Amino acid sequence: MGDRVHIKMCWSRAFLAGWVLLLVLLQYLQAVPIGIDKTKVKETEEKPEEPPASVDTGLHYDRYLREVIDFLEKDQHFREKLHNTDMEDIKQGKLAQELDFVSHHVRTKLDELKRQEVNRLRTLIKAKQDLEGGNDIAVDHQALLKQFEHLNHMNPHTFEVEDLDRLIKSATNDLENFDKERHEEFKRYEMMKEHDRREHLKTLDEEQRKKEEEHYEEMRKKHADHPKVNHPGSQNQLKEVWEEADGLDPEDFDPKTFFNLHDTNGDGFFDEQELEALFTKELEKMYDPTNEEDDMVEMEEERLRMREHVMNEVDSNKDRLVSLDEFLVATKKKEFLEPDSWETLEQNQAYTDEEMREFEEHLVQQEHDLNQRAVDLQKQREELERQQEQLNAQKIELQQAVEHMERLKSEKVDPPPEVHIEGDAVPEVHAADNQLHPDQEAHLPGHHETPEHHQDIQQEHREQHNQGNQDLPQQGHPQAHHEEPPNQQEVAQGQHNLS
């Protein structure tokens, strides 16, 4: 809880400090800070200026804002115009018109700053598209840049009067809306805390639920039992700080001296951070980080409520700064001398019953959407797993087919070469009987066949075939006959005689 409170405090102070940085021009409109001689101020200006502290306003264009302000302050003409311009004129864009008269060096630098800012925004847009899975989608940077109102995106190359006007109005609007956004954030925090409490009660039996409800009421009463809280910014509240923090006699209270004591940076103004520091004693009456009943997030909300209240009552020109003159005027008002009682957070619930009902309905819808999304993702996962199994099966089949082809290739025997007979080439002899085929024999030169001779030849072939069949079982396997048959010479001689 302590870390969360610290983060929230740092976030708030970053916004407030950034506002002071944006409105540094207002320092030229007010009285010279107390205790500072004008001649010494001039001497200080002649000395080399130290780089300003890097104060983060919390705005997404914080660096661009600070760099533009820093360079404009370096232009003498622009600084002189600041002396004669009030905050209302600045908000209406009258100061922005003076940009046309700044030095060429400053304008060139502002052009460069704007180009860098446009490139930064385009990079952010592209990165967001990549994260959302839109790598293959063409990005229309000009259309997306419209959401950034602090510059003129239609002219990404030069810093013009419109750019300064946009920058001032955007920063003013964004920082002024900080309190509204902070209230909404705290409201959601309170509703979520109540929602979690109700959900916890649903998990308990009747007896446990009764004990939990009694404990809850006890903590509420204990938190509300605290000393009276003074009205923020009232005489009683400031006198208490004067006495307990400053160690001075409350009878000697002097508003001007009090202002000088608590203007910690000596700039002649109470900024929002300096005002919040004045309420520490009041907050300690209500909140103790060691107590179970005290919520430190609520303490910070109470602190900011007090600061907001004082600003609304004292800051007459609405520049979010309290000058000495504004402070002295406020100390003479009836609200300062005889204030109303201050209603604390426990007396002002942050949300209505209707808002709580809508909030819980929204949570139910969110839960339903998340569950549906989980179901869809599970289906997608199952479908991907099924497709992966199919791919694995196809891969195995392909591997088996490749292995089978390789095996067949390794076992295959090349067939004997074919013999082609052309012209008077010697015909092929059958390996089985080493004799010429009858058709081939008929085409031998000088051969004249008679019926009687043809019958003799067929008879010899049958006898040789029968003799071969009788030999096969004895040998166990067919053999090629390479020896010339005994009657081969007789057949040849008979052919000669017939011719």
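Placed from the backbone N, Cα and C atoms, the Cβ positions cover glycine too.
Look at the compositional bias 'Basic and acidic residues' (197-220): DSSP puts its residues at 21 helix, 0 strand, 3 coil. Sequence annotations record features per position, and here TrEMBL assigns compositional bias 'Basic and acidic residues' to 197-220 (among others).
Annotated compositional bias 'Basic and acidic residues' per TrEMBL: 407-423 (among others), in sequence order.
Per TrEMBL, compositional bias 'Basic and acidic residues' is recorded for 436-465 (among others).
Annotated compositional bias 'Polar residues' per TrEMBL: 466-477 (among others), in sequence order.
Residues annotated as compositional bias 'Polar residues' in TrEMBL: 486-499 (among others).
The annotation domain 'EF-hand' is assigned in TrEMBL to 250-285 (among others). DSSP assignment over the domain 'EF-hand' (250-285) gives 23 helix, 2 strand, 11 coil.
Each residue in the domain 'EF-hand' (302-337) has a pLDDT score, and their mean in this model is 91. The annotation domain 'EF-hand' is assigned in TrEMBL to 302-337 (among others).
What TrEMBL lists as region 'Disordered' is 197-234 (among others).
Annotated region 'Disordered' per TrEMBL: 407-499 (among others), in sequence order.
The signal peptide feature in TrEMBL is assigned to 1-31.
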